[in-house]
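Enquirer: Here it is, the structure, as structure tokens.
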Amino acid sequence: MRRIRAWLSILTSATLALGACGGDDGEGGGGNGGDTSSSSISAGGGGGGGGGDGGSGGGDGGSGGGDGGSGGLGGSGGDGGAGGGDGGSGGLGGSGGGDGGSGTPPAGEDWTRDILSTALDLDITTLAGKATIVLAPSDSTAASFEVGDLEITSVQDPSGALEYELRPGQLHVGVPSTGSNATLVIDYTFKPHASFDGWMPEQGVSLLWPNFCGNLFPCKSDPSEGVIFTMHVTGVPEGMTAIYPDRIPVAAPSYMPAIAVAEFIKLELGTTPGGTHVNVWHLPGEEANAASGAAHLVEVFDFLETTYGPYPFGSSVGPVSADWGGGAYGGMEHHPFWHVASSALASEDVTAHEAAHGWFGNGVRIACWEDFVLSEGTATYLAAHALEQVGVDAWADYECQLKTICDPEGTRNTIALPDTCNEIDILTHPLWSNVPYMKGAFFFRQVAEVIGAGVLDQALREFYLTNVGDAARMQDLLDHIETSTDSDGAAAVDALATEWLRTRDCPVDLATLCPEAAP
């Protein structure tokens, strides 16, 4: 994501980019194949279901492997709203529509249950939702979910109603233990939001980062959680188009599924050698900005596929213009159709940054919020590195942002890689800043200078292919980079990690940065 301006005071999402000397950030995803997702573009007024699932995906090796699959059409009428708030009413025990029958376990709390997949049916007119959740086998007879301000109407499995209990923002279910996968069907309604924490009907977009998925569907927002999703959206107003993925075939963060509804115009940009169809969806009057921001997107995506491995989230990708309102700038890594603020649509850097999250941030998830630099620092470096290949220099602007961060008279600097795990609130901690973006990018840049850009690219590729669809720590990546070079190179990487990531002061002469800007 990329952020800027006064959004830090109202923002609840990782997609907006910060501050002085410009700067946004983008995200992307990566993967090693598997079944590819298909895009779903629902046009208002018509009936019909979501798009098909697509063909089988590319393998997990080789350069630029294809994804296969094709988009589908469907959807119809209405405008809608979505979740938010601080949860449901407390202590509503029971099965939500029956006594659960004999042998049904009582409602219980268990936050360790592994969610394998979630199928979402969302009506943005009636605000009705259905989540079909598949849990991995377990001896546990309970499962717990975040539900924000959802109104739960029933919880069932294939045999009938289940016992459940609602506490503020939480749903606890009694789940029969069968020794195999458990399927839960949860019916609910969701609420409209306006503060970047759910479905925002006024803006026609959803935004769930970092921990607001429960305002749109039952979930677990821990960043290490990875889920395969399907989506079907109805209630699209006449004349509008809904852009969303009808399938996310590789385990992805809970904040990644997203919806955008507007009078979109699709600009087809081309297809990569790996078979990925690259597009941009813009609003009327944004043709020039859309073309400018995506001028090299096909080449950027090809570089990412070829250099780091096949894209995992489908065969159709691209930025979607998001009308977030005044003061918003940047993007959000909602792959395969990442959102870019209308004000940033002309920025190649924002577009490339969000694309790169397909490999790091989404493709490889962060295990802890303290690993934020693994997502944002890596994506920022990959965006600049990919744009370099087509003659676009992002580093000059990055230097201005770094200078602002590192100014000893300022208050924006902090350590980019805290040594804890999920002990911080990312929205209130100093790490929620431009620091992991810029310090992370310049760390990787200096590593490339020391061990060679090709060696670093190969290390990133190996790490991605090993971990796509899983969560990792930043230290895991650092360890892998060190094993990819000789002893001198490993020592240099370790020293650079200490200087750039674990130390507050910046290891750079500020006088050499962004000479046209005052400190």
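Every residue number used here counts from 1 along the chain in the order it is shown.
Heads up, the Cβ atoms here are built off N, Cα and C, so glycines get one too.
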Enquirer: Among GLU376, GLU388, which residue shares the Zn(2+) site with HIS353, HIS357 according to TrEMBL?
Expert: GLU376
Enquirer: Would you say which of the binding-site residues HIS353, HIS357 has the most Cβ atoms within 10 Å of its own Cβ?
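Expert: Within the set of binding-site residues, the most crowded position is HIS353.
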Enquirer: Just the number: how many Å between the Cα atoms of GLU376 (Zn(2+) binding site) and GLU354 (active site, proton acceptor)?
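Expert: Spelling it out, the Cα of GLU376 (Zn(2+) binding site) and the Cα of GLU354 (active site, proton acceptor) are 10 Å apart.
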Enquirer: Give me the CA-CA distance between TYR437 (active site, proton donor) and GLU354 (active site, proton acceptor), in Å, as a whole number.
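Expert: Each residue's Cα considered, TYR437 (active site, proton donor) and GLU354 (active site, proton acceptor) end up 12 Å apart.
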Enquirer: Around GLU376 (Zn(2+) binding site), how many other CB atoms lie within 10 A of its CB?
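Expert: Counting Cβ neighbours of GLU376 (Zn(2+) binding site) within 10 Å gives 36.
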